[in-house]
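Shown next, in structure tokens, is the structure this report addresses.
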């Protein structure tokens, strides 16, 4: 029965309606729906007073029950947002609600996972929260354009017209909005009735709201709260404090809140039975989180309690729920599995330490009890435990040792090896799983192992009960642990009650070997947890704070980790933020040292989309030279360089930008073979070897880094050795003779490199632009080499006898290299000129050189009747035929034949001795023969 206002033959306005079941409602109506403020009562005495939306509870309201009172936000008849449930004893359950359960508390768990405890990742945290906006929900966009939509048809446009969505006056036939489409215009009418005489929720007034937690459900809750932010209940009930995680203004915790907090702590402890009982009785939600978004699932996963993880997921926990910092349970496990200490140094991120000089004198390390105080986390990078079961101890670098003092020991073995746990010789050769079991005095493998495992409980490095009946220190023995020994020690330690050392643990429980075994066990357990989360649907692409989990596995060089993530759909088109050069996983993998980098690159290339993706480091400079070079003393006088007939012109300029993965691999100096293998993989997948970064091509980078294997691979795979480089680098031949990179290879290797470049098509006659200040000139690679040579004025200009022995060697090496390049240039000129008519070329040279030279010295003239200018003169390259220079020198022709040019008396004499003595006579004979022919013609005429 209805009593109230009508309109359009429908309930419209204020009224009261009761049902035969005893339920009743009095409040506002709109089009036969309970819509607006009102009170709904049930036969059992419970009632709800608040906002209704199309006959559903939505917005802030108060739910009165027999023994409880709830005040909070609703949506579609369900609790959906901040709320407070009050009990008769005065306690209150405060937090964010979803249906009948708390899903986020206002209390923070002290032991929760937080990125604030990992300052090494602070530079990666560049993510800024998005701003909450409701206007986007009201927009109905067309989507794809007509040309892009493969299923475009004209009737699609009707879907955007509210007048065509429903028949006219549809309310006459039905008002059941649950089964009818909701048009945009009708939704605006409904919202206008709800927010009558109030600021519309779509008007962004006051300070902006930012999304606190990016979990999809919590984003919807935050938007729902933002929509009703101007309601009086939002302020009077202190709902804003709940969103901010502030609980100080409320009564003591109620039962649901207490159980939720305790369940998070029990998940950390691994109390499966207690959590199972709570979830079975529905006392708490499996998806509950503390004030910072630290969920029960995250607590169980980070502590490797896989049984609880399975239980929570079976009970509906969201495996991809994020914390307020943006971390999922999977990303937390990856951050623990790959600490920053496990990351490999690489050239992509510029994390390779600068080489340090070794100590001049041996250092004797001082062993003390502090050696035993290393925490468990530091062992993550000392013990490398791949997921498939192969183990390798990788001790950190240690100081040099003095020669060992030989001595004797009784019985060939120790009576008490309790010190072995704390005195394993980290300074000896690396302890690998495939190494011999024991070297030196420990001959019996099994007995030695039992002694190690058994006697560690009787004595340690600092124990007063240690007995060592030998005059030889344990440090004097080189002990290598095999895979079997590590597995057995780890198995024995797995029986310990404590999974990790605690502050109350005695000193012998902190032994190095024991903690290594515990670390191995914990890593294996966490690896199983990671695999479980991925198998249960964890998204490896969801979390980007501090970085995507694929980056963690790549940076740590874990092949199995990368393979696992790729098998579960990890994206490879991700990158760092612009502040970190937008590096991709392929960039970092190409720079990883060791065989792991090769395998990871191969895995990524099978899933990669753009092998030539560029980093945003186009403004960076490739390691400036260690030499403090002054401006070159070589004078530039706008020399034109070689004529165009001597070289082939470039068809297109190379593309320049940030580093590609190929640049990363070619820049490496750590492992030539692995770098070569990575380059081969990249090229086989279509990497472009002719892109520039910082003026360098991959070929010039490999030359600068001294990797001959990569140079050979690039040239074999079609890299262009004549690619013009920018930023004053010239070409690959110029880089080969640059002083900045001369320390990368010896003299024989430099000469072999030049030969290899020329044999693969490098043109030493290619013009090279040289600039210094406002002056410039065009020369060749030889001129570039001399230009750089004269920048080191100490060696280039000082008298030879005043140089130090090392400087003399440097001077001679540089001169030898430049002379060899001059030889190659001369041979290239001769090879090019051999394609032309030698007589005509010689006449052209004489025609151009004789007039300029006769101003100073009278010489022979051309035969009469041979006017070169009228018949077309061949432009020839003017350079010193001995040293190869064409810039900054004064060139003079041979006074006898005018066939060559030299720059100095030294070059003239040396050229005469080495090659020109014979050629000069031949050229003079040509002139004599031409004169005779010319004379005969004159006599005949």
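A Cβ is built for glycine as well, from the same backbone N, Cα and C atoms used for every other residue.
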Candidate ranges 839-879, 880-920 [criterion: Swiss-Prot lists as zinc finger]: 880-920
Residue 897 (Zn(2+) 2 binding site), number of other Cβ atoms within 10 Å: 22
Shell of the Zn(2+) 2 site beyond 894, 897, 916, 920, same chain only (C-beta within 8 angstroms of their C-beta centre): 896, 898, 899, 900, 912, 917, 919, 921, 923, 924
Rounded inter-Cα distance in Å - residue 907 (Zn(2+) 1 binding site), residue 916 (Zn(2+) 2 binding site): 11
Neighbourhood of residue 903 (Zn(2+) 1 binding site) by C-beta distance under 8 A, where only residues 6 or more apart in the same chain count: 880, 882, 883, 885, 889, 890, 891, 892
Chain-internal residues, separated by at least six, CB under 8 A from residue 894 (Zn(2+) 2 binding site): 900, 901, 902, 908, 916, 920
Cβ within 8 Å of the mean position of the Cβ atoms of 880, 883, 903, 907: remaining residues of the chain near Zn(2+) 1: 822, 879, 881, 882, 884, 885, 889, 891, 902, 904, 906, 911
Binding-site residues listed as 880, 883, 920, least Cβ neighbours within 10 Å: 920
